[in-house]
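Undergrad: OK, Swiss-Prot features for this one:
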BINDING   Gly533, Arg1045, Ser1070, Gly1071, Cys1072, Gly1073, Lys1074, Ser1075, Thr1076, Gln1116  ATP 2 binding site
DOMAIN    391-627  domain 'ABC transporter 1'
DOMAIN    1033-1271  domain 'ABC transporter 2'
CARBOHYD  Asn88  N-linked glycosylation site
CARBOHYD  Asn94  N-linked glycosylation site
MOD_RES   Ser24  phosphoserine
REGION    622-646  region 'Interaction with HAX1'
TOPO_DOM  1-47  topological domain 'Cytoplasmic'
TOPO_DOM  71-115  topological domain 'Extracellular'
TOPO_DOM  137-185  topological domain 'Cytoplasmic'
TOPO_DOM  208-214  topological domain 'Extracellular'
TOPO_DOM  236-293  topological domain 'Cytoplasmic'
TOPO_DOM  316-329  topological domain 'Extracellular'
TOPO_DOM  352-710  topological domain 'Cytoplasmic'
TOPO_DOM  732-754  topological domain 'Extracellular'
TOPO_DOM  776-830  topological domain 'Cytoplasmic'
TOPO_DOM  873-932  topological domain 'Cytoplasmic'
TOPO_DOM  956-971  topological domain 'Extracellular'
TOPO_DOM  994-1278  topological domain 'Cytoplasmic'
TRANSMEM  48-70  transmembrane segment
TRANSMEM  116-136  transmembrane segment
TRANSMEM  186-207  transmembrane segment
TRANSMEM  215-235  transmembrane segment
TRANSMEM  294-315  transmembrane segment
TRANSMEM  330-351  transmembrane segment
TRANSMEM  711-731  transmembrane segment
TRANSMEM  755-775  transmembrane segment
TRANSMEM  831-851  transmembrane segment
TRANSMEM  853-872  transmembrane segment
TRANSMEM  933-955  transmembrane segment
TRANSMEM  972-993  transmembrane segment
Amino acid sequence: MDLEAARNGTARRLDGDFELGSISNQSREKKKKVNLIGPLTLFRYSDWQDKLFMLLGTAMAIAHGSGLPLMMIVFGEMTDKFVDNAGNFSLPVNFSLSMLNPGRILEEEMTRYAYYYSGLGGGVLLAAYIQVSFWTLAAGRQIRKIRQKFFHAILRQEMGWFDIKGTTELNTRLTDDISKISEGIGDKVGMFFQAIATFFAGFIVGFIRGWKLTLVIMAITAILGLSTAVWAKILSTFSDKELAAYAKAGAVAEEALGAIRTVIAFGGQNKELERYQKHLENAKKIGIKKAISANISMGIAFLLIYASYALAFWYGSTLVISKEYTIGNAMTVFFSILIGAFSVGQAAPCIDAFPNARGAAYVIFDIIDNNPKIDSFSERGHKPDSIKGNLEFSDVHFSYPSRANIKILKGLNLKVKSGQTVALVGNSGCGKSTTVQLLQRLYDPTEGTISIDGQDIRNFNVRCLREFIGVVSQEPVLFSTTIAENIRYGRGNVTMDEIKKAVKEANAYDFIMKLPQKFDTLVGDRGAQLSGGQKQRIAIARALVRNPKILLLDEATSALDTESEAEVQAALDKAREGRTTIVIAHRLSTVRNADVIAGFEDGVIVEQGSHSELIKKEGIYFRLVNMQTSGSQILSEEFEVELSDEKAAGGVAPNGWKARIFRNSTKKSLKSSRAHQNRLDVETNELDANVPPVSFLKVLRLNKTEWPYFVVGTLCAIANGALQPAFSIILSEMIAIFGPGDDTVKQQKCNMFSLVFLGLGVHSFFTFFLQGFTFGKAGEILTTRLRSMAFKAMLRQDMSWFDDHKNSTGALSTRLATDAAQVQGATGTRLALIAQNTANLGTGIIISFIYGWQLTLLLLSVVPFIAVAGIVEMKMLAGNAKRDKKEMEAAGKIATEAIENIRTVVSLTQERKFESMYVEKLHGPYRNSVRKAHIYGITFSISQAFMYFSYAGCFRFGSYLIVNGHMRFKDVILVFSAIVLGAVALGHASSFAPDYAKAKLSAAYLFSLFERQPLIDSYSREGMWPDKFEGSVTFNEVVFNYPTRANVPVLQGLSLEVKKGQTLALVGSSGCGKSTVVQLLERFYDPMAGTVLLDGQEAKKLNVQWLRAQLGIVSQEPILFDCSIAKNIAYGDNSRVVSQDEIVRAAKEANIHPFIETLPQKYETRVGDKGTQLSGGQKQRIAIARALIRQPRVLLLDEATSALDTESEKVVQEALDKAREGRTCIVIAHRLSTIQNADLIVVIDNGKVKEHGTHQQLLAQKGIYFSMVNIQAGTQNL
């Protein structure tokens, strides 16, 4: 009876929109064939309560589904009563009160039928509520479990698995793929059972009431079913491909947003946008093909449906005329079968959601079931109460799983006695850090053994083993929480006193106490609020608080400035007492006190002994020391004499300089410090309030270039909508034929109407295909456009926007993935349905008023109730959608952080802690799903039951109008079917309410992003583009605070000048504003007062793209992209195509060429996520090559050599010296030996210049610089 059902069912695209989350390439090859799990396996995480919910939900869905066919029995009997009485009411009105009063009999009969209808309505009201709410409840409970299990499974995996999988993809799986499962196991399953029950009940009623007609109709239904099956198969293939393309796009976006400073500094926005658009374009093409194939099958389905009407009416009329059936019987059979067949169409979106869920679950469950070889959650293995700490590596061979063909360790042998300190030295990439990772059992060696106290570490319990070990690595990772919490990650049950003790030992207490919120200061995303030195000291405190038996220091002091280093080194020396310590250091001055120094070369240890023994050997260590001391020799000689005088002063500088090691900023800019989550929530709520709602037309305007598609699509939709009232007219005419009259005339009329039905079928084939295709294509184009615009708008924003915690990488990636898809959910195919349904109801109402205005008015008075139910549903679901989104983002943030920094989480054995935080954040979304279940259940059941009640009212009132001669029976049928079918169609349109609610919210977010004017617009073409630039830079009384922590002053009237071709060195304690100078020069921010001038022109007046193109930057922790080495180097100049020769030349200048040539794929070698496949030194040299390729006028070196080992440092330093020739250069360095030759050295303290001059002049002043050199020379010349 309800054409819409089929249209809606077959056409409705899943609103989850086949989003991100591909299967990585390697696994995609293997999984081409089998990428669905069994249908029942999908529910493997349901407990008895869920099963009970699902069972009751299914039972009620079946009861609900049987309602319509049962109603058709009542309808058939009622039709017979009407047709039998039709002759009695063709007289004028005043005759109707005859002796027998057939009118009263008819009205009594109708009252009885009205009770039947109402009874069915009451049953449906209850059943529909239980069906929807119980299935939604069960899904919410299971999804919570799946999220927990999946996150648990990820945290459980070993490092080699992450190297191959890549972390970005896991984040998209955690959000998108699980919401796909949620789509496939919730209310849609209930709807599916409801549809199936309708199908079976319809056919059972059909067979009982008239098997001959049923068989005829079934023949065509079978063909229809077959075509649907074929279509579903084609569709799922396209969905798979589309998923993969979107996942790749998602990974590009996440990578670019995570490295936004690098992207902006090198003007890589367009390149990132192109990479992103390339994957989107693929997804769009697949989406359009999907729309074409889907809508051809849609058209065929409608052609078959109308053909079956034609056949059924023709054959049915023959049976009625030959008195085998009554007309009521024929109607019951026809409509029962029709409703049954259409219910299959209604099941389509559910059928669609199910394979999607099974596909997503295949990957998710696969990861959940993957048992790692090294399982940190396992309880198995030896758990000693304590260990002595004797370590031994015997004949250890190893290569990383992701690059199995490159051997790192080639037979390593090393013994470390309990309490000894062993230093590993050697060139970048020789296997030192690998040794440390193997000792923590992040990987297992391919051959050989590693033992502690004579026990193979594989026999220890993994967690227990790691708890004995404290690690401080070169680029320490802090989590986005408070300082105290970060230290607590070292050991869960630590007290505040122990934290303070550890912080004092790590020399971080003073700077923490100067922060406004002290230990409650938030450190920002990846610790971005703090300087490198401050992060490093907090990481040391975090390691010390574990009180580990074995301490692993991988370049633990490389990021510190001189003063901090001396003190932290002292702290580490103290921390090493009584512990077995392995130190990796490039600065050899820090390891000369080690008990044993082991020289690494090419994956084996070639020499070991104490400092003096190895110097005598004149081997690799001797060579490294020689290279290093040549730099610091000058320092130490100058100070031999003065050191004795200075000893008493202890190197304390004037102005209490040492007391003010306070770092406001750097490396990454400040993100504001907020102590408590609830304040954060208040702000997020404000953010939502500040996003102005967007009108629907504004979204459509984005699609305006596709207007021809919309015109064609809308015309077809209107034509399709008008089909239904046309159907009503023919139906009422056909019923009227069977009153008293000549059989031959009846047969002729029936034949004619059957042919009309066939004509409607041919018409609907074309209109349905065109409607679906035009809107589908426009929708795909819109999604691509929105994603592309959103990504472009994000890349356009200024740094202060990215500093805001609401715009963390995780949150932005999630937005990008879901918002555009949700907007498409309310446009595209959905728009076509709304146009079609509106036309349907509109035409229906007009015709109804013509044929019977009284009944029309009664029926129309019911429609507002249905509409109100729809609006209430929409409003409540929208509120839920908003809350859901926000709360899932909070959980997503924790997950993203844990997955991105998995090494740190694992080293700290904090997997359980992150898991419990994540689980806690899932409570909110779960509570929402419970609330939603009930609201959705109530509104759904009201809209479902209304139809039954309207049948009761309509036919009772209809009989009154017939008895009183106001209407004929066929007009009652016409009016009723036109209005009810139209209203049902509108009901279907309102079932998209949740999608529309989500879409409006997403559209509002997107438009607020598109319309945000950044303070510094990276895309701007405004400003001057000077023809030549000499390279002189002046800072004039510059005052600056970071926007997100406006109350902490950073620069307080800084003035400095560097002339063309000069090298300026900035020195000072951590946090004095050195890196801020570089960021202001790059125009990441603008000063609050004062000016920055380039060649005398104010930076604000210069075009920002031109300005950045003149600067080449190399920072302390360089970020590389997950592509080939060649592409990473070429990234330095995105304004043109860089030739391979230039890439090789830059690599040679940066001294990385020889290393690249040793790799199997040379320049085409992928560097891994954030460059993880390379050592610190290798990454740094690629970053230098990247800066040189753009031939900058000004070179900015922010700690460019701090991460390098001696040999690399010497060579890179030479490369930098060569690169500086003829260029203006600004260097930030903690190692003073690297800057002695600078033309000008400026000492910054508290945001102002305190001293400036050459190395010699500053030594003569005996001020801050003198103290710093003194301290450093002291450590170097022990």
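Each Cβ is built from the backbone N, Cα and C atoms, and glycine gets one as well.
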Undergrad: What parts of the chain pack near the transmembrane segment (186-207), using Cβ distances under 8 Å and only residues at least 6 beyond its ends?
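TA: Contacts of the transmembrane segment (186-207) (Cβ under 8 Å, skipping residues fewer than 6 from its ends): 9, 54, 57-58, 60-66, 68-70, 72-73, 131-132, 134-136, 138-140, 213-214, 217-218, 332-333, 336-341, 343-344, 346-347, 349-351, 353-354, 936.
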Undergrad: Which number gives the other C-beta atoms within 10 angstroms of the C-beta of Ser1070 (ATP 2 binding site), all protein chains shown included?
TA: 29
Undergrad: If I count Cβ-Cβ pairs under 8 A between the transmembrane segment (711-731) and each of 48-70, 116-136, 294-315, 755-775, 853-872, which range comes out on top?
TA: 755-775
Undergrad: For the transmembrane segment (116-136) and the transmembrane segment (933-955), decide whether they are in contact, meaning at least 3 CB pairs lie under 8 A, counting pairs 6 or more apart in sequence.
TA: yes
Undergrad: What kind of secondary structure is Cys1072 (ATP 2 binding site) part of, going by DSSP in three states?
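TA: DSSP assigns Cys1072 (ATP 2 binding site) to coil.
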Undergrad: Kindly say whether the transmembrane segment (853-872) and the transmembrane segment (933-955) touch, using the definition of 3 or more Cβ pairs under 8 Å where each pair is 6 or more positions apart.
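TA: Stretch pair touches.
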Undergrad: Let me make sure I understand the span of the ATP 2 site: among Gly533, Arg1045, Ser1070, Gly1071, Cys1072, Gly1073, Lys1074, Ser1075, Thr1076, Gln1116, what is the greatest distance between any two Cα atoms, in Å?
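TA: Largest pairwise Cα separation, rounded: 23 Å.
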Undergrad: In terms of Cβ proximity under 8 Å, which residues at least six beyond the ends of the topological domain 'Extracellular' (208-214) contact it?
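TA: The answer is 73, 76, 312, 315-316, 319, 324-325, 329-330, 332-334, 336-337.
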Undergrad: Please spell out the DSSP helix, strand and coil residue counts for the topological domain 'Extracellular' (208-214).
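TA: Result for the topological domain 'Extracellular' (208-214), in helix, strand, coil order: 6 helix, 0 strand, 1 coil.
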Undergrad: Counting Cβ atoms within 10 Å across all protein chains shown, which of the binding-site residues Gly533, Cys1072, Lys1074, Thr1076 comes out on top?
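TA: For the binding-site residues Gly533, Cys1072, Lys1074, Thr1076, the Cβ with the most other Cβ atoms within 10 Å is Cys1072.
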Undergrad: For the topological domain 'Cytoplasmic' (873-932), what does DSSP give as the number of helix, strand and coil residues?
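TA: Going through the topological domain 'Cytoplasmic' (873-932) residue by residue, I get 55 helix, 0 strand, 5 coil.
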Undergrad: Using DSSP, would you call Gly533 (ATP 2 binding site) helix, strand or coil?
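TA: DSSP assigns Gly533 (ATP 2 binding site) to helix.
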Undergrad: By Cβ distance under 8 Å, which residues at least 6 away from the ends of the topological domain 'Extracellular' (316-329) in the same chain are close to it?
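TA: Residues 75-81, 83, 209-210, 212-213, 734-735, 737-738, 743, 746-747, 750.
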